[in-house]
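As structure tokens, the structure follows; a few thoughts come after it.
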Amino acid sequence: MLKIALESLGCSKNLVDAEIMMGILNNKGYKLIGDFEEADVIIVNTCGFIESAKQESIDTIINFAELKKTGNLKLLIVTGCLAQRYSEELKTEIPEIDAIVGTGSYQNIDKILKELSEIHQIVSLNDIEFVFNEDLPRYISTPSYMAYLKIGEGCSNNCTYCIIPKLRGKYRSRKFEDIIKEAKKLAESGVKELVVIAQDTTKYGFDLYGKERLSELLEELAKIDGFKWIRVMYSYPESITEELIQVIKKYDNICSYFDMPIQHASNNILKLMNRKTTKEDILNKINLIRSNIPDAILRTTIIVGFPGETEDDFKQLVDFVEEVKFDRLGAFAYSREEDTPADRLPNHIDEEVKIQRRDTLMMIQQKISEELNDKKIGKTYEVLIEEQIEDNVYTGRTQGDAEEIDSIVYVKSVDNLEVGEFVSVQINDAMEYDLMGDVLYELA
């Protein structure tokens with residue numbers, strides 16, 4: 001039987017697609033391996049969101065294509081957003097690719113693999129309105145204690161800078177019962193941290209049920225035995241309701257963590273971005289969250305250098321960040337994407353100015369983060385242990401930190417700790433982003 005290796009690039013939503021492909025292939029008897037040098041088949045699940053992601057995807061494909069000459073590689077399959085967006089270019093420019101599979105076709109990966117024995121090159125770009133369901137097998141690739149739960153696909157927000165609606169289609173929610181069924185299986189498998197994802201989690205349900213139902217969904221997830229942390233990602237500020245805040249406040253196993261991409265704080269730029277909110281509305285929402293959950297962790301992402309961004313627009317953004325003091329913030333220089341409305345806007349910003357503004361904002365955030373971390377010294381936090389880095393020293397995360405994108409805690413312990421266990425840690429030192437502490441005791 002063929003040996004298959006899969007490389008998934010980009011976001012966690014893309015990773016879930018990769019896990020479904022691996023689940024389908026595993027069920028069909030193919031051998032999944034991690035050694036690309038030994039693989040008969042390599043699948044590259046690509047990202048095509050911004051220029052740097054596209055370049056990473058192309059570089060990865062080209063590097064793997066070399067294994068057709070130097071390794072065991074027989075078939076190279078490209079899936080995901082780059083495949084959906086640039087199928088013809090990939091077919092022409094990289095002839096080593098044997099199959100190009102779009103975002104609405106990955107569920108047919110086993111059939112495509114079988115067809116490749118008869119056809120040299122396949123391009124499969126089916127209807128991108130496909131939504132996976134719980135009946136499709138899934139091969140979880142994350143650590144055994146955590147898993148992603150994708151509750152929807154696509155996006156209908158139509159922000160002017162974003163290509164996702166063209167790559168993934170309009171927003172489609174999964175059925176409520178289907179999500180709960182998958183969540184129960186994940187809990188039974190030993191998952192302790194459940195990370196709820198979609199392009200916009202707060203829009204969940206509006207297309208299927210005529211109203212947003214994230215708060216109801218979280219209530220049902222919170223009642224499932226086994227989940228220690230339930231984390232919600234990608235929540236848009238205009239759809240964070242008081243009802244949702246109260247549900248998060250009510251359940252101890254729902255993290256008081258709000259991943260809320262605001263993108264900007266100048267009303268002029270927000271309008272040009274086609275964001276459905278204003279600076280005043282965002283501030284009111286933040287105050288509503290903090291008045292109900294004083295220790296809530298607020299994470300956001302911001303785009304600087306958007307077309308038409310003046311010095312005054314940027315100053316408004318800086319002032320807003322300094323006023324709000326987000327716990328976590330990622331700033332990105334605007335990436336010009338063809339086939340988006342923003343690409344056609346006048347007054348594009350020079351690359352040097354974009355980078356300078358990004359760096360300025362991140363320096364401000366670094367000081368804010370350091371101030372907030374200093375206040376944590378002497379306090380005790382629940383920490384999920386993720387890795388042992390040396391004798392008696394481990395790294396982990398608090399419930400205020402999402403995997404890979406947020407901060408870590410360096411933990412000292414005289415006793416051996418297990419990866420995936422929760423411990424109580426007293427913080428004794430702090431850096432700009434990370435914390436250090438000692439184990440007080442293990443948690444059940």
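Even glycines carry a Cβ here, placed using N, Cα and C.
Of the residues Cys81, Cys155, Swiss-Prot puts just one in the [4Fe-4S] cluster 1 site with Cys11, Cys47: Cys81. Under the DSSP three-state reduction, Cys81 ([4Fe-4S] cluster 1 binding site) is assigned to helix. When the neighbouring Cβ atoms lying within 10 Å are counted for each of the binding-site residues (Cys11, Cys47, Cys81, Cys159), the highest count belongs to Cys81. Using a 10 Å radius centred on the Cβ of Cys162 ([4Fe-4S] cluster 2 binding site) and all shown protein chains, the other Cβ atoms total 21.
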